[in-house]
Amino acid sequence: MTTEFELIARIAELFGSPEGVAVGIGDDGAVLDPGRFDLVTMDTMVEGVHFRRDWSSPEDVGWKLLASNLSDIAAMGGGPGAFFLSMALPADLDPAWVEGVLSGIRKAADALVPGSFEVSAGGGDLSATHGPIVLTLTLMGEASPAGPVLRRGAVPGDRIVLMGQTGLAAAGLALLSGEMDAPAESFPCALRAHRRPGAQVRAGALLGLYGVPSAMIDVSDGVVQDLGHVLRASEVGARLEAYSLPHHPELVMLREQYGVDILKLMLTGGDDYELLMTIPPSRMPKIWDMARRHSWEVHDIGEIRAPEEGLMVLGADGEVIVFEQGGYRHFGAS
């Protein structure tokens, strides 16, 4: 494998020095400009848990690592800035694989981050491991002048709004793992959604700037589970109208040709990295106007209710839908 110092030099070459970091790569610690960053998020990807080298290229892995962090900052209504990268790598790992990860991070930054923001490396850590590859990225961000959008602001009467579509990434994973009896190569959008998800960076920042959502979260664990996080933080209930969820053509094909339960994918599949928000009725005209002007895909999918009503998921015929597990869980129940 490339030496530690060669890797550090390569990272500095690829990403340069970010704004807001007075001292970055090359010292014992970074020095941040006072008052610049007030948001921070971190995501870890472990080989065999979050990615497999036979399913995803190293560029895919790097892309997804940054995208998941970008989505967290977007969900708080902020804009991204400096990141810190930690990599635990086997000693015999091909240097080309590491170069691919760095290239994927660079490509994700170029593709997903608007020019009004700068995402560059402020530092990190490299170590050897006898176990699987472990990659951790910590991303700094800036909240809007109105402050961060939190999960705890939803109140009864707010509408539940989804930006984008869900279920494709979970379908991609199921196709790759062989859980579906369907040819993976026939579903390129699903495979890309799993390998190289998007992140609503510009949308999140604008929503935060104009104070549109009362609460917001990114869909990383599934619509039902992530909405549940908002409900618990806000101490409210909700009626989720599952029949209002958009159906991607590839999901429709999976249902019609292979009998796949796509509603379950759309409601409980993870890694979509779309934005799920609650919006007061008085601000709904604003979200529709912004969607038209910026070509966003947004869907009104339910309503926040009183806490005693809990979470009710309704199907097309008004039936209540029950799931044994509401989405992806990082740790099993004890």
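Including glycine, each Cβ sits where the backbone N, Cα and C put it.
For the Mg(2+) 3 site, TrEMBL records Asp28, Asp218, and the single candidate of Asp72, Asp158, Asp261, Asp271 listed with them is Asp72. Of the listed binding-site residues, namely Asp28, Asp72, Asp125, Asp218, Asp271, the sparsest Cβ surroundings within 10 Å are found at Asp28. Take the Cα of Ser220 (ATP binding site) and measure to each of the binding-site residues Asp43, Asp72, Asp271: the nearest one is Asp271. Summarised by DSSP class, the composition of the domain 'PurM-like N-terminal' (26-142) is 36 helix, 40 strand, 41 coil.
Annotation note: Asp218 (Mg(2+) 3 binding site) sits in a strand segment as assigned by DSSP.
The Cβ of His50 (substrate binding site) lies under 8 Å from the Cβ of Thr44, each of these being in the same chain and 6 or more residues away along the sequence. Straight-line distance linking the Cα atoms of Thr41 (Mg(2+) 4 binding site) and Asp72 (Mg(2+) 3 binding site), rounded to a whole number, equals 7 Å. The CA atom of Asp221 (Mg(2+) 5 binding site) is located 6 Å away from the CA atom of Asp271 (substrate binding site).
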